[in-house]
Amino acid sequence: MNSKIEKEDAELSSGMTGSDSDIERYSAHERVASSRNDLLRSVTQYTELSMSNGVAEAREEISKTKGGIPERKTSTFLSKDGTTIRKTFAKQYFPIILILCTYLLAVFSIYWGAMYKRSTRLVNLKVLVSVENDRSGVITNSLLTAIKIPEIREMSGWTVRNYMSEEEIKKLVYEQKYWGAIYVSSPDISSEFMSGFHGNTSAANLTAVKGYIETGNDIMGVPNYVKPALLALDSAYTEIMKSKVYPSIIANLSSTEFSDLQKSSALTNFPDIEITDGNPLTNYILMAPMQVGLIYIIILCLFQILWFIKLNGDLAPLLKPVHYIIYRLVISQCNYLILSLFYATLNRAFQVDMQKAWKGGFGVFWMFSFLIMSACGGACEVIGTISMATLPPLIGFWLLFFIILNVSATFAPIQVCPKIFRIAYALPIRNGYDLMKVVLMNTYKGYVGRCVGVLIAWIVLNNILFPFALIFFAYMSKKKIKKQAAAKLAMEEESKINTQ
């Protein structure tokens, strides 16, 4: 009897132990599941908006001090009781997507607009055509006839002038008075050419017409617009000489003259235009600092602002207001000076030749880079400060707008863009591009003063506006803090009501 009772007690004890083990396993599983649910729930509680307006911070504080706030009832998007969700979505989504679409149409249109019907404005690219004073000669007449062909006439702004020396023509192109030049090699070239047929000399060896360009004046504009026009004129001129001039000349030759010409290459080699590039792009690494590198400068300036937010915030309470403003102005210029030094060093490390225009080319490149960074960075800092005080997403809008506005008439000749893009002459990137051309391609230095002046004007204007931007930011921040305090108070009241 006793053994039976002991056996039953043992079984009962064994059963109790198993139950406790199951309860412990269940509790552990429940804790993991609860932790998972809390993590998922926090995704909807701690959003970008709640963190920026202080609601999340207030919720966390109340949760610690007063036992927490009852969770709001949640639902799915398409459920019957999800009407509030759908209304909230529709009320905010459609205005936002409308703003984005409007921004796309408005800002992207700047870049597309710069290219719109560009072929109709190629005539704004003036190309000098220097011919003989007597325009009845066969060479000059053929050249002028080729220019009058509609397809050729629309490719450039051909500007016909009487004979000029080769040195004078090259100087005009170097000084960017013309985008290129087509010129006869001597003031009486037609007579010399005709004498080649009648004097038993090889007319094929005579270079009657020459062309001259300088790619350095615009590393995108000259190869894409000017050189193709000169090559098209070359083809048309050669075809006219081949199909009209040569048959007419040969028809008037005596049999002896014709027989002598058959022994030379004059009847098979037709004259063409010998085109020379006086400042070619020989190192394609130059495309980096003169094009995309300028865009990267704008983006880097914005990064500089964002990375120094914490440091500026830590020092602000320790400095007097005026000294804080001065500190912000000085630290920005110091940052641009250091960043531009490393930007110049980067280019030198990749063997970018900076000694073409000045012996101390590295220092000049550094200072030009500093002016560009300071002009662009100052503008970004002013607009960025205002945006953070009002609507932070505007910072991205501004950055993209500023890049598009600057590059639209920089990476192509302003002359082939609509007239409104003449504004590019006052923008920092366009002037920075012109300065880079001088130091890297040794182009005409006559525009350096204007470009530096424009950049300095941007820097001065930015430094004048920045203190007002800081004051505006402080004013808006006070209003924001009051709203956050009101939100915190409302949550505390809600917590009190729910705990009663």
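From the backbone N, Cα and C atoms, a Cβ is placed for every residue, glycine too.
The domain 'DUF3533' annotation in TrEMBL covers 97-464.
The feature region 'Disordered' is assigned by TrEMBL to 1-22.
TrEMBL lists 93-114 (among others) with the feature transmembrane segment. Long-range contacts of the transmembrane segment (93-114) within its own chain (CB-CB distance under 8 A, at least 6 residues past either end) are made by residues 397, 400-401, 404-405, 407-409, 412, 417-418, 421.
Residues of the same chain lying 6 or more positions beyond the ends of the transmembrane segment (284-309) and with a Cβ under 8 Å from any Cβ of it are 219-220, 331-332, 335-336, 339, 343, 347, 350-352, 369, 372-373, 376-377, 380-381, 384, 395, 399, 402-403, 406-407, 410-411, 429, 432-433, 436-437, 440-441. Sequence annotations record features per position, and here TrEMBL assigns transmembrane segment to 284-309 (among others).
The annotation transmembrane segment is assigned in TrEMBL to 321-344 (among others).
Annotated transmembrane segment per TrEMBL: 364-383 (among others), in sequence order. Using a Cβ-Cβ cut-off under 8 Å and counting only residues 6 or more beyond its ends in the same chain, the transmembrane segment (364-383) has close neighbours at 294, 297-298, 300-302, 304-305, 332-333, 335-337, 339-341, 343-344, 347, 354, 357-358, 394-395, 398-399, 402, 428-429, 432, 435-436, 439-440, 452, 455-456, 458-459, 461-463, 465-466, 469.
Positions annotated as transmembrane segment by TrEMBL: 395-414 (among others). For the transmembrane segment (395-414), same-chain residues at least 6 beyond its ends with a Cβ under 8 Å from one of its own Cβ atoms are 103, 107-108, 110-111, 113-115, 118, 124-125, 179, 218, 220-221, 224-225, 291, 294-295, 298-299, 302, 376, 379-380, 383-384, 387-388, 421-425, 427-430, 433.
Among the features that TrEMBL reports, transmembrane segment is placed at 447-475 (among others). Outside the transmembrane segment (447-475), and at least 6 residues removed from its termini, the chain residues within Cβ reach (under 8 Å) are 176, 325, 328-329, 371-372, 374-376, 378-379, 381-382, 385-386, 388-389, 425-426, 428, 431-432, 434-435, 438.
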